[in-house]
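Pasting in a structure now, in structure tokens, and then I'll have a few things to ask.
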């Protein structure tokens, strides 16, 4: 419950902090819950539209194209105020666009919806998600800077808020995958699309009821202009510690050819893994990601970013080698059922890709110059989104190269081995990530 206002009509600091956490918690939880309708999308495309693995993966990655424009949304959010506010209105706009897209998909998918039409509405959904995420990320960066002024305490405060929103997103992911795995066997995909659309409508009405002034965000000139904001972003990107870090981080994803669509077909088409079991696998992965947020906040936020990110990258490669053994049937020969491997190892590997984002977000928040938090954080997320798209397209090319189809997976182990080797490569130039971080505090 939010604290009462003081005699001057101002909300006490503790009440404002709680309100910020509530707003961010709902926003990140809903974004984590997006896996719920997307699970239905995958099965709808596979079973109703009858797409092949490569087409499914191309659609999955192409739908993320709006994420690449995040720097533009960040610049607009930093520079363009709506009724004197420049964060909360964009969260509301993002929720509205997503609600419209999923409700439209619900209606149109009852008839013979074309791939083009569905792709356009999925693009609209991800456009809304991108806008909301940019505004939420900017609030996290700004709040982390205003809470404290000392270098050590600022790092801890920023890491604590990052961990909180990370855990909120993970809880949404856990619930989304759990309910998705159950619902996919009991309801039509259209019912899942409708439920999520109504949830987003609810988030929209909740968000518009929150006045931004009650969040105690740092004040900045509302007439700074988009051109000036772009100029400040370019100045930030010219800083070597920022430019090298973002380049390495994006490349560490882009260089890995993703085989997610192929693995989905291998598990459901070849191994005949039940949809509910895939849901449990994703729940297990999200639970591990939630645990990672807790562990990071308590144990690892003081660890040097480069060391932690290197360890995560190495762990990803090891898990990919484990996938090679899984596809070749080695674990089954050792008495480990395919279902157990899918739930535990596949679930963990899927979320391992995102483990690096938490320490890297804290690092960038500390390096970020005052005044362009939304723009810079958005640029980072844009670079990551573009890297995932490149990774997905490389995965389609790799699957074609090793001869994998919806009915022939004989070349799949070789593809996974190549994927693991590519995951090792970024470790050779990880020195691009700074070890000694000097926080940039906002001066009056």
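Each residue, glycine too, has its Cβ placed from N, Cα and C.
Below are the features I grabbed from TrEMBL:
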type: TRANSMEM; residues: 88-108; note: transmembrane segment
type: TRANSMEM; residues: 161-184; note: transmembrane segment
type: TRANSMEM; residues: 190-210; note: transmembrane segment
type: TRANSMEM; residues: 242-265; note: transmembrane segment
type: TRANSMEM; residues: 277-296; note: transmembrane segment
type: TRANSMEM; residues: 308-327; note: transmembrane segment
type: TRANSMEM; residues: 339-364; note: transmembrane segment
type: TRANSMEM; residues: 376-402; note: transmembrane segment
type: TRANSMEM; residues: 414-433; note: transmembrane segment
What parts of the chain pack near the transmembrane segment (339-364), using Cβ distances under 8 Å and only residues at least 6 beyond its ends?
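Hits for the transmembrane segment (339-364): 137, 155, 158-159, 162-163, 166, 242, 245-246, 249, 252-253, 260, 263, 267, 271, 273, 277-278, 280-286, 288-289, 292-293, 296, 300-301, 303, 305, 308-309, 312-313, 315-316, 319-320, 322-323, 326, 331, 376-377, 380, 384, 433-434, 437.
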Which residues of the chain, 6 or more past the ends of the transmembrane segment (308-327), have a CB below 8 A from one of its CBs?
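Same-chain residues near the transmembrane segment (308-327) but 6 or more away: 249, 252, 263, 266, 300, 338, 341, 345-346, 348-349, 352-353, 355-356, 359-360, 409, 412-413, 416-417, 419-420, 423-424, 426-427, 430, 433.
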Counting Cβ pairs under 8 Å to the transmembrane segment (414-433), which of 88-108, 161-184, 242-265, 277-296, 376-402 comes out on top?
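The stretch with the most contacts is 242-265.
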Take the transmembrane segment (376-402) and find every residue of the same chain, 6 or more past its ends, with a Cβ under 8 Å from one of its Cβ atoms.
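Sequence-distant neighbours of the transmembrane segment (376-402): 53-54, 57-58, 60-62, 64-65, 67-75, 77, 130, 133-134, 137-138, 140-141, 233, 236-237, 242, 246, 249-262, 357, 360-361, 364-365, 368-369, 411-412, 414-415, 418-419.
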Can you tell me which of 161-184, 190-210, 242-265, 277-296 gets the most C-beta pairs within less than 8 Å of the transmembrane segment (88-108)?
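Result: 190-210.
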Under 8 Å, at least three CB pairs between the transmembrane segment (277-296) and the transmembrane segment (190-210) (pairs 6 or more apart)?
no
Please report, as numbers and ranges, the same-chain residues at least 6 past the borders of the transmembrane segment (161-184) whose CB is under 8 Å from any CB of it.
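Contacts with the transmembrane segment (161-184): 21, 24-25, 28-37, 39-40, 43, 136, 140, 143-144, 147, 191-192, 275-280, 282-283, 285-287, 289-290, 292-294, 296-297, 301, 358, 361-362, 365.
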